[in-house]
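Chemist: Please see the structure below; I have some questions.
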């Protein structure tokens, strides 16, 4: 089965040239196993399966790819795929691969001679598009004996179609009379187009046989059917090709004479010959079938035709293997078994029911005068009952006047006005009162509404005063105490007031407008589709829909607001004409404002038109006049027609429902009341989804965008159909109950059992044979209502129209294009169908058939159904549709007799007809579909959303105990003690900065100045925190006159020359362009930004806060640890940054009662805040900490402990602080609302203290917000419930990520799949670009010496296994060069031997225990530099290598290590500190290992195939490591090496239970979430010989953590374990301070 292309594709658009592109994918349904065969008769000498992909799918859909040249097809006579006639393709110019089998007896003898391929065509066989049959395994659908016989016949026919190749060598395909020999293909196409346009009528007459005619021909007998088929084929051939055998003989002679000409024009003749085959070759040659086979084929196809599946008379040029077409689903089907399978698909069933329902509605009889009168009465009565009166309007106006007096007392410059439905009189009695406040420009909109909120709360005239500032239109909601009416007060809503004035003026000049809108609004209210907050449509949109209908109906009742009467008006530039308001209550004022964007688009269109069209002076003059038009800059348009039409109100109501139910394509067009032309979605650049309504005064956005759910849209469409069905059928008075007497009822039953007329086509008649009563009873609904609803409908024979809804198939989510049948008055549907190529000239006969539908309602449909044939269409509701030899989808039924009681019903007087707006009738008893605006799920509103963390019920916490308080204090203190960098590290960071500054000044610009900011200086940095560097240039105060992007790019090129840096990456697309780098020796990452001076002041202020009270730093570190443990501390991956969490801590301490810290930005002398302008912002804060106690005597009153403050922080953000209403702002003590900042759309609002427009939570999604708040809620419970873990297990208990995050991973749906960061897609990932980029210039600069040996290699193919960097090999690695320089005393041969041979490291006699142990070397003291990380281990079954002897004369050489220790850990040994942040591990490791949160276990070390400096840890006994050579795949394809870090580290465990990268465990199991440190297998040179670096901070609080403490990550990732070096203490003083004992013999 093959699906044709969509309407946008040219293949199905009439009168367009089709270009068959290469490699088209075609879907085919086949239910039999197709064997590969060489169908020579179809493609000459080419095999069908030569290019077969040989892929098989379980759903029996195989995809073919045709790879060949493009062929141009003229489709002037090609009907659309949605046409109900048979598919008919162009007959002259499409390339095909089939050779004919003659269906005509008269030409049987000459068929082969006439149509076989020539040798030249055989030589080009592979250039022709091929559509081979692919072998497909499929389940055979159940079929009858006749169908099985038919398939045997078809198989035999396939064999007969095979033509020997030898018979095709000396024959030529005859030329079509439409195709001259010497005419080029383009000219030929034009000639053929003209000729075919003249022959269209003949072709349609001969090929498109009506359904009734084909049915009658089928009943005449086999012989006559075959003769008719032969005649039809013969007529077609005579019209398009050559008519007799003489022409064929002359064609053969021409082949011998014109062989050279044919070779020169081979492509044209190839097209003609293949197209001739398509014109002459039928899909199924019935002449080759036996009478039994023909009968079986006929019966099977009659069965398929009932389900809109028809045999193709001609093979489709695109789907050559398909014989049938489902005209309901527009699917090409290969055989009968495939057709039966397609019938059972949900898509086909859904389309059947939709087709049935649409046909029902279109076939409803025209309303009588009594019917229209009853409708008019119902609408008028509804308007009187539900609409507001003049007295109601006066009450609402009085409310506005009273409120105006109250508000103007405090705000005299403001004024109030009434707008909305109250002013237009479209309001229902329960509608709100909409009030708008006009205010001067100097006032702020948020401040005004906040003041109004306070004023109304103090007033005694109003109750229930609340704010709804998070709505699309922020309002203050209150209730008038006297009238109990709900009031909504907005401010500055000018556009809504203008629209209100327009609708109010229309209600005054057009009397039918107001009752229609009231009825429409009340219907929407009953169906609950007017609730904007629950995914419905705004109520005033229904007034615009009524206005649009009155403009589009024929004849119209209302004029459009803009049109051709305006001088120079152009619909393409309609946005240049802006509506300004109502004038004189009869006109709308407009102004012309030229739009540059519109002009550019228009100029582009004009240029394109000039290029495509020939030059014409007349057209040029018209274009000039049009472009120079619109001389009038303003004007006015009338609101009424000069000669208004008088139409009954009931007729308008019925037409309104029909217009939006059947005529207007809601998903295709825009409801626009400004112009008469239909506005498409493309004109507005709006997506084709659901409903689009344009406000005439606010034209940029779709006002119906609140309907953002497909479920709600389908519910709305269903309600439209139900309403039209109800009001279009006559309803009796008295509760809609049938008044038929039993005799007449029985007579109706008997009469309905009579057979239908013989001229009723079997493909167009349907009887649904299951009563609605039975369905209702099965669903448990009362039978009384079933009888009421059923008898009130006048529908197709025996069918209640509610059956479609009850079957439950109308809401299937599968998208499929339904076949729209055009009705007489459906102009918009016709336009859409013509645009999509859906309808062909055969639609005329279809309309005629549909117009003959007579719908007769009978009380009991079950008894009236015939039982001659039953169709077991499977439906979801397990009901069966009983067919009486007729279609299950059509409504073209003609009954032989109509019961007298139903005929009399048409003549009932208007008093007997009665209509009521009843909720149960209009909704069919179905509840409304509600979609949450927060999570976009149905079934609940946003107020009941389960994903809203504010709805979580927090259980009260037990009281705090002293012992538990002490434990919390200790946990918070240790976070600071173990993670804060020592002074030596600060010194090393400054040295790195100085070195970089000197290098940049020397290589780039001597005026460059660098300074540190961020975590390195603000007092909250970790030991491995990044280096945040700001670069400035002397002579430039700011970067206004600098090209920052160019400077950053040039700086990156310069830094790539720095031998001590790696991984240089410029990021110029960020808000602040930066250059990222990594320092090789320390492993620290950093970034350099330009003129980020405001961040420097932020750094100073945070450092000042940290210096005020030590508890500030303690809590800041605890918060950062908490965020990292829960994987919620990385802004680049969609969460909050560590800076944001520090601001949260400071805000909590400021709001604490009594406060712990003051608000530094509010401490100043005088009344005016001092100005310290930086980058346009005031960066002032009070920085004299020594004077704070004098100014604020109450500063030290808060004496809470760390544990109490930490728990109070968790409780503050989970219990007290409202993230929806307030902003976290440390610049003021007063609460700052999100409405004031206009950040109501953000889930978390954290204001930068200086850059007031910067919201640090702007990038946090709702999913991430819920995840963050869930961690805080779980942390509140964990830290607030007293529990006493084992000594040494406190951190494992309190920072268990599985408990804090409920075992879930942080949302990463917004992250790039390559780098894990947000802000770009995978295709734009800088890491991906960097891997693919070819830096040829840098390659030449860095590798000039070895250029000749690598001329043919790409830089991406080169990777050093020492450092892991791409672009060079091992011998060029700068680390190897540095190693040679450092180890000058080591002989060259020794170095080569160390790099190549596997060696074993000698160890001391002590054995290493299960717990990882860190010792210092004899040459180190407490301030000695740290080790460098060791390479990743190899499989443990490798033999233990030999030791690497140290250089004998080098003073800094490292001693040998003894063998690993055995047994348990000695009592005097101390485990690793909890938060000691040491060396960052290798790839996919995180610095959080050093927190002690990862398991520490002894690991074995493989033989070093690279230079190793310093001692190494040994594995436990029992393992036999093997030698590893340089050719080992684990080396060649290894991850980049470890990131060196100048901080001591314990050895890390490589035996993870689920083999996950340890950094993924640190970051809550999300693999690759933290910044991966790709460094290759081998570490860089350590800092043994460098100046003093980061010392080990002795820890007195040991923690031994279980390896399952961390959250496990993706098991698919296979990490390489990491090994750290062991250190040894050199002196007694060092050993006393070091918690680890020395190993080996150490001299005192």
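Each position is counted from 1, following the chain as shown.
Cβ coordinates are placed from backbone N, Cα and C, and glycine is handled just like the others.
From Swiss-Prot, for reference:
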- 1015-1018, 1025-1028, 1098, 1120, 1138-1142, 1254: UTP binding site (BINDING)
- 1026, 1028: Mg(2+) binding site (BINDING)
- 146-156: compositional bias 'Polar residues' (COMPBIAS)
- 163-174: compositional bias 'Polar residues' (COMPBIAS)
- 194-209: compositional bias 'Polar residues' (COMPBIAS)
- 226-242: compositional bias 'Polar residues' (COMPBIAS)
- 258-272: compositional bias 'Basic and acidic residues' (COMPBIAS)
- 603-623: compositional bias 'Basic and acidic residues' (COMPBIAS)
- 745-755: compositional bias 'Basic residues' (COMPBIAS)
- 815-827: compositional bias 'Low complexity' (COMPBIAS)
- 828-837: compositional bias 'Basic and acidic residues' (COMPBIAS)
- 1402-1427: compositional bias 'Low complexity' (COMPBIAS)
- 1428-1450: compositional bias 'Pro residues' (COMPBIAS)
- 1451-1473: compositional bias 'Low complexity' (COMPBIAS)
- 1201-1254: domain 'PAP-associated 2' (DOMAIN)
- 102: phosphoserine (MOD_RES)
- 131: phosphoserine (MOD_RES)
- 176: phosphoserine (MOD_RES)
- 30-60: region 'Disordered' (REGION)
- 75-277: region 'Disordered' (REGION)
- 603-640: region 'Disordered' (REGION)
- 733-759: region 'Disordered' (REGION)
- 812-841: region 'Disordered' (REGION)
- 918-1634: region 'Sufficient for monouridylation activity' (REGION)
- 1329-1350: region 'Disordered' (REGION)
- 1402-1483: region 'Disordered' (REGION)
- 930-947: zinc finger (ZN_FING)
- 1310-1327: zinc finger (ZN_FING)
- 1358-1375: zinc finger (ZN_FING)
Chemist: Cβ atoms within 10 Å, counted per site: which of 1027, 1140 has the most, among these binding-site residues?
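Modeler: Per the Cβ count, the most surrounded site is 1027.
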Chemist: Show me the subset of 1015, 1017, 1138, 1142 whose Cα is within 10 Å of residue 1026 (Mg(2+) binding site); these are the binding-site residues I mean.
Modeler: 1015
Chemist: Mind giving me a neighbour count for residue 1098 (UTP binding site)? Other Cβ atoms within 10 Å of its Cβ, every protein chain shown.
Modeler: 22
Chemist: Taking just the CA atoms, what is the gap between residue 1140 (UTP binding site) and residue 1028 (Mg(2+) binding site) in Å?
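Modeler: Approximately 16 Å lies between the Cα of residue 1140 (UTP binding site) and that of residue 1028 (Mg(2+) binding site).
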Chemist: DSSP-wise, what's the residue breakdown of the domain 'PAP-associated 2' (1201-1254) into helix, strand and coil?
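Modeler: So the domain 'PAP-associated 2' (1201-1254) is made up of 19 helix, 7 strand, 28 coil.
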Chemist: Could you check what DSSP calls residue 1027 (UTP binding site) once collapsed to helix, strand or coil?
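Modeler: For residue 1027 (UTP binding site) - judged by DSSP and reduced to three states - the answer is strand.
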Chemist: Around the Cβ of residue 1026 (Mg(2+) binding site), how many other Cβ atoms lie within 10 Å? Please give the count over every shown protein chain.
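Modeler: I get 17 for this one.
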Chemist: For residue 1142 (UTP binding site) and residue 1028 (Mg(2+) binding site), what Cα-Cα distance in Å is obtained after rounding to a whole number?
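Modeler: Spelling it out, the Cα of residue 1142 (UTP binding site) and the Cα of residue 1028 (Mg(2+) binding site) are 17 Å apart.
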Chemist: In sequence order, what residues of the same chain, 6+ apart, have a Cβ less than 8 Å from the Cβ of residue 1015 (UTP binding site)?
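Modeler: Long-range Cβ contacts: 1021, 1022, 1025, 1026, 1028, 1138.
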Chemist: Over the span of the zinc finger (930-947), count residues by DSSP class, listing helix, strand and coil in order.
Modeler: 3 helix, 2 strand, 13 coil
Chemist: Which number gives the other C-beta atoms within 10 angstroms of the C-beta of residue 1138 (UTP binding site), all protein chains shown included?
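Modeler: Result for residue 1138 (UTP binding site): 21 neighbouring Cβ atoms inside 10 Å.
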Chemist: Average pLDDT across the zinc finger (1310-1327)?
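Modeler: Reported value for the zinc finger (1310-1327) is a mean pLDDT of 75.
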Chemist: Given a separation of at least six residues and a C-beta threshold under 8 Å, show me what packs close to residue 1017 (UTP binding site) in the same chain.
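Modeler: In sequence order, 1099, 1100, 1103 meet the Cβ cut-off.
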Chemist: Which number gives the other C-beta atoms within 10 angstroms of the C-beta of residue 1142 (UTP binding site), all protein chains shown included?
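Modeler: By my count, 25.
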